[in-house]
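Annotated in Swiss-Prot:
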SITE      Arg17  site 'Transition state stabilizer'
SITE      Lys24  site 'Transition state stabilizer'
SITE      Arg184  site 'Positions MEP for the nucleophilic attack'
SITE      Lys256  site 'Positions MEP for the nucleophilic attack'
Amino acid sequence: MTANVYALVAAAGSGTRLGFDTPKAFVELNGRSLLERSLDGLAASQSIEETIVLVSENMRDHAERIVNDPINVAEWAPMTVSVELGGGERFDSVYAGLVAIQRRLSAADEAPEGRFVAVHDAARCLTPPAMIAEVVDRARRGVADGSWYGAIPVLPVVDTIKVIDAPTSGPRAGQTVVEQTPDRASLRAAATPQVFDLGKLIEANEQYLRTTEISSAHAVDRVGASPLPLVTDDASLMEMAGFPVVAVDADPLAMKITTAQDYRVAQMILNGSEG
């Protein structure tokens, strides 16, 4: 039987900024990998039925061992977890996950309509289950009456943000020049999981590929630098396609572990909650 709510966990990143030789998703945090902790949260939310982990080729066996570990399988049940090969860029990985979901649905002679997908980063492994459930619920509410087609968690921007430019000619050539200061009251930092109507996210991805004249099959196979315009989250694709998405206040624990400093902060949080 196919799922009504899927999750895709992006875990193919190298994590060089974190300072470990191991890819970021597989770095241990207080004895449990970031990937396992992110799956713990998805399962505990009781909102996700099936999760697909997207990894690089060299970490596929490691990921398979993690998701097939009997203790993990029991811990995450009834949510099921499987592994698929991701891509060179985040977009490629998520698109590969969407293709995998479509294969499952086609095999069962079912369609994407009425289903949802939550796209999550393994690096946001402390995201509270209650927040995940709230984002899924908000997406469901909008799709039910066609008011919106997805929901994303967002965090306030506390710093003053500057738009900059780097002119290559003129008196300021070689300098970083401040162009403008947007009002931070209207700015938010996007977090994950981002939850969408499955059919609409597939459509948004296909529109993006058509716009850039890249075939779907080529997109799945690409490795390395992408010729596509940079897309750093899935809500951006929904925006481009004209599908409304609403924002949900995120819990600060939905922080992304990217640098060594982030890692130390996460350790302190866990030491306080698990001690």
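Just so it is clear, glycine is given a Cβ too, placed from its N, Cα and C backbone atoms.
What Swiss-Prot annotates, mapped onto the structure for a quick look.
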residue : record                                           : DSSP class
Arg17   : site 'Transition state stabilizer'               : helix
Lys24   : site 'Transition state stabilizer'               : helix
Arg184  : site 'Positions MEP for the nucleophilic attack' : helix
Lys256  : site 'Positions MEP for the nucleophilic attack' : coil
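Under a cutoff of 8 A between CB atoms, and with a sequence separation of 6+ in the same chain, the neighbours of Arg184 (site 'Positions MEP for the nucleophilic attack') are Val157, Val158, Asp159, Thr160, Ile161. The separation of Arg17 (site 'Transition state stabilizer') from Lys24 (site 'Transition state stabilizer'), Cα to Cα, is 9 Å. Around Arg17 (site 'Transition state stabilizer'), the C-beta neighbours below 8 angstroms that are at least 6 residues distant in the chain are Thr258, Thr259. Sorting the recorded sites Lys24, Lys256 by the number of other Cβ atoms within 10 Å puts Lys24 first.
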